[in-house]
Amino acid sequence: MGFLNGYFLWVKAFHVIAVISWMAALFYLPRLFVYHAENAHKKEFVGVVQIQEKKLYSFIASPAMGFTLITGILMLLIEPTLFKSGGWLHAKLALVVLLLAYHFYCKKCMRELEKDPTRRNARFYRVFNEAPTILMILIVILVVVKPF
């Protein structure tokens, strides 16, 4: 990856852009689940929300997740000494794995809502919506402060 050495900061900038896009989608998608669950009895409304869920997941969240992973891996390949910079990186990567699990669980929620919109109530999705915020806060603290 020597040919990319001079581009580390560019890759990092695109990584930040991708993360922002991914997080925006993960913040909004469960809010759509809330609307979906609250209005399960309104077929037309549910139809519109389902389209929004699918488009947000397929055209924003998933590509942003992929680009986040690609640029993150590229940064580690360009600068492998990051692995030796402290335990903060390993903790961050563990939290990223949780974000990935959350991302794919959102897809499962979409399928469940499509089959049975009354399976979980809106309150569940409101609480569920907090997870990416908490993970993001922890990741940002680890990356900026590098506490260990």
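Every residue, even glycine, has its Cβ placed from backbone N, Cα and C.
Neighbour density for K92 (heme binding site): within 10 A of its CB lie 18 other CB atoms from the protein chains shown. Positions annotated as heme binding site by Swiss-Prot: H15, K92.
Under the heading transmembrane segment, Swiss-Prot lists 7-27 (among others).
Marked as transmembrane segment by Swiss-Prot on the basis of sequence analysis: 58-78 (among others).
If you look up Swiss-Prot, you'll see 86-106 (among others) marked as transmembrane segment.
The annotation transmembrane segment is assigned in Swiss-Prot to 128-148 (among others).
Every protein chain shown contributes to the tally, and the Cβ of H15 (heme binding site) ends up with 19 other Cβ atoms within 10 Å. When Cβ-Cβ distances below 8 Å are used as the criterion, the transmembrane segment (86-106) is approached by residues 22, 26, 29-30, 33, 57, 61-62, 65, 72, 131-132, 135, 138-139, 142-143, 145-148 of the same chain, each at least six residues removed from its ends.
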